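Per TrEMBL, the feature compositional bias 'Low complexity' maps to 430-439. Per TrEMBL, compositional bias 'Acidic residues' is recorded for 441-451. Annotated compositional bias 'Polar residues' per TrEMBL: 468-478, 486-499, in sequence order. Under the heading domain 'THAP9-like helix-turn-helix', TrEMBL lists 4-45. What TrEMBL records for 54-186 is domain 'Transposable element P transposase-like RNase H'. What TrEMBL lists as domain 'Transposable element P transposase-like GTP-binding insertion' is 214-328. According to TrEMBL, the region 'Disordered' annotation covers 422-503.
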């Protein structure tokens with residue numbers, strides 16, 4: 001007699017093996033469950049429920065990490081320590097495992113206060129040579145943590161990690177006022193000769209590094225506000241970049257096809273926070289376009305802006321490698337080694353950044369960049385500005401991707417609520433939460449793919465298609481091709497989705513249907529649903545290569561739509577498409 005699926009009893013060894021497999025890849029585990037008898041998700045996560053995850057450094061996690069570190073090569077033990085703050089949604093919760101009310105300010109051994117917390121300070125380790133990462137500690141704070149407390153926590157965490165043979169080469173954070181102050185004080189206390197931005201803990205050097213994407217955005221913001229003088233009175237101006245885009249947008253064959261007007265105007269705050277917007281603006285493509293147009297269209301001063309943009313793009317490439325070897329046309333986008341060009345390039349850029357000055361065009365007053373203050377004059381004997389690992393292991397290639405806070409941003413995004421741009425406190429204190437799933441594997445699961453979180457953008461809830469639109473109505477009369485339709489006429493409104501039934505989530509509110517239209521020869525039938533800020537105001541869709549490409553409403557708000565595509569064989573495909581930028585939205 002075959003045993004029931006839910007009647008299986010599992011030993012502790014079976015559960016631990018299944019848990020290790022699930023944490024490697026949840027998607028692969030669900031696939032194996034189709035063919036193998038494996039414990040369910042709730043069964044294997046029950047093991048973790050007995051492990052308390054309180055604020056501060058978890059000793060159980062530290063002991064387990066020590067066993068893993070001992071098996072690694074000495075080169076693979078080099079890592080960077082990064083930390084960042086995550087906003088928390090308001091409210092208190094009782095943790096039955098810890099037996100206390102959480103979301104008060106809690107700094108672990110440094111004290112717990114009777115004040116409601118609204119931020120979580122998270123520390124994470126990231127390997128420099130081998131791809132591995134591990135959240136190591138977290139704390140609850142009110143707004144920003146005091147500088148003195150942050151200094152103690154940094155030294156305490158580095159000391160604990162050194163005790164298990166982890167080599168902390170650098171400390172990475174953003175340019176928050178508290179973070180910068182804490183690192184400056186550590187450098188001042190531990191580095192009396194002021195030879196470089198580093199501090200020592202138990203005799204080991206730790207270099208302070210600010211998150212490169214944040215630095216790139218700060219350079220873009222400085223260029224928008226000031227004219228930047230560099231290299232013997234050369235001046236870079238934001239007006240040249242704007243003029244270059246406006247001139248290029250009128251051309252048939254554009255040099256800047258990816259750049260949009262919103263990337264330069266930055267009227268929306270979340271666009272200003274996105275790294276990709278700054279990277280598109282200060283790119284090699286922009287430098288090439290400025291150089292091309294400066295010959296015949298612009299003044300010769302535009303060539304100075306092109307040189308500045310090219311240097312910034314090259315500098316960002318030097319800390320944003322993708323492959324061990326240089327890409328074609330991108331010499332700096334490669335792993336750093338003793339034989340690479342990074343060392344000489346960085347030394348030359350240190351001097352250029354130190355000599356850069358911001359000039360207010362209206363008053364012609366000059367000021368030094370604050371982020372270049374304290375950068376010492378490069379010395380041939382001073383190798384501390386570049387991690388010692390490069391010189392100790394000269395034959396190896398070191399990736400600089402771990403110096404980016406991307407992994408920490410991903411962890412924050414996993415904690416994010418669907419209905420809020422803030423995180424919940426439960427994933428921090430729950431050891432059996434899917435959100436708290438550290439991984440030492442470089443494999444990416446499609447279930448966990450996401451972009452860098454942008455403030456003000458909320459996650460979208462998946463919406464099911466209404467039953468009446470999952471198949472084409474053969475009895476419906478043809479309405480003519482899209483080219484012959486009268487765009488001034490408003491389509492006949494159909495019943496809202498709420499009348500089809502419940503269960504489509506809040507995103508399905510105020511949705512109305514557009515009747516299907518028969519397109520020209522060889523093109524499919526399309527049924528679209530639009531969600532507009534002003535329901536009932538629609539535009540027809542522009543058809544491009546058998547798919548609806550652009551949909552907009554009269555209020556310039558983004559529109560969500562479902563596309564039903566039917567090919568010549570009668571097979572249907574149902575698409576869920578949401579335009580992300582205004583370049584994907586056009587009016588007719």
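Placed from the backbone N, Cα and C atoms, the Cβ positions cover glycine too.
In terms of DSSP helix, strand and coil, the domain 'THAP9-like helix-turn-helix' (4-45) has 28 helix, 0 strand, 14 coil.
When pLDDT is averaged over the domain 'THAP9-like helix-turn-helix' (4-45), the result is 87. Taken residue by residue, the domain 'Transposable element P transposase-like RNase H' (54-186) breaks down under DSSP into 45 helix, 52 strand, 36 coil. Look at the domain 'Transposable element P transposase-like GTP-binding insertion' (214-328): DSSP puts its residues at 71 helix, 8 strand, 36 coil.
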